[in-house]
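Comments concern the structure below.
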Amino acid sequence: MPELPEVETSRRGIEPHLVGATILHANVRNGRLRWPVSEEIYRLSDKPVLSVQRRAKYLLLELPDGWIIIHLGMSGSLRILPEELPAEKHDHVDLVMSNGKVLRYTDPRRFGAWLWTKELEGHNVLAHLGPEPLSDDFNGAYLQQKCAKKKTAIKPWLMDNKLVVGVGNIYASESLFAAGIHPDRLASSLSQVECELLARVIKAVLLRSIEQGGTTLKDFLQSDGKPGYFAQELQVYGRKGEPCRVCGTPIVAAKHAQRATFYCRQCQK
């Protein structure tokens with residue numbers, strides 16, 4: 001599933017082509033996504049794009065009279081293409097722009113979303129989200145406060161959007177490795193020093209992935225059709241049985257809350 005770096009990469013890629021241009025119309029080929037494509041999107045016509053923002057894993061397209069909320073789901077990606085390029089099997093939504101470009105949404109598994117809202121504040125998909133991990137609100141003191149009485153393993157807790165948004169399976173595994181923290185550790189067992197370190201490395205790992213265009217394991221593509229190159233730098237995720245890049249110990253795979261977790265038994269305590 002695209003996580004924060006992939007969504008932010010998409011935002012940065014599409015923003016220059018959308019802001020200042022006008023949506024001439026939308027072409028919805030298959031509206032049966034995780035939730036049905038909002039009726040307002042079908043009727044879009046002559047709507048200038050004022051901004052392209054991100055909250056958690058949601059892309060937010062600001063129009064004069066409302067917002068388009070886009071979620072990439074498990075396998076979605078957004079590309080900027082010439083208007084005349086024919087659509088393929090899994091290309092479900094196009095926004096046809098006044099500059100001759102098309103914003104094309106591709107999603108083989110159709111688990112994403114295209115929603116419309118007049119007001120962002122209070123919308124059900126955005127209402128109960130934690131802080132952005134790259135903001136000043138997310139720091140060691142905040143993390144320690146939220147972990148202090150939490151009797152659950154730190155790995156699934158990091159993936160809870162009420163704690164912090166956008167840190168999915170890949171980046172939780174990678175951040176815990178970078179901090180030297182075992183994913184089975186109870187959140188409440190983390191010291192102040194460990195919380196400070198973990199908050200810092202989460203920011204560093206996410207920023208590095210954004211620099212590399214995110215992580216492509218299967219479906220994700222940047223807006224120009226290129227893969228995300230952070231996959232080449234993964235330290236533990238997807239490397240079961242391979243030697244740890246630090247100590248040589250084979251990487252272990254386990255399940256936490258039905259999600260695969262990867263770690264090094266030697267480097268993470």
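Glycine residues also receive a Cβ, built from the backbone N, Cα and C atoms like all the rest.
It should be emphasised that the depicted structure is a prediction, and the values quoted were computed from it without experimental measurement.
The zinc finger annotation in Swiss-Prot falls on one of the ranges 60-94, 95-129, 165-199, 235-269, namely 235-269. For the zinc finger (235-269), the model's average pLDDT works out to 96. Cα of GLU3 (active site, proton donor) to Cα of LYS57 (active site, proton donor): a distance of 6 Å. With respect to PRO2 (active site, schiff-base intermediate with DNA), the closest of these recorded positions in Cα terms is LYS57, chosen from LYS57, HIS90, LYS150. Once the Cα atoms of HIS90, ARG109, LYS150, the listed binders of DNA, are compared pairwise, the greatest separation found is 42 Å. Between the candidate recorded positions, LYS57, HIS90, ARG109, ARG259, the densest Cβ environment within 10 Å is the one around LYS57.
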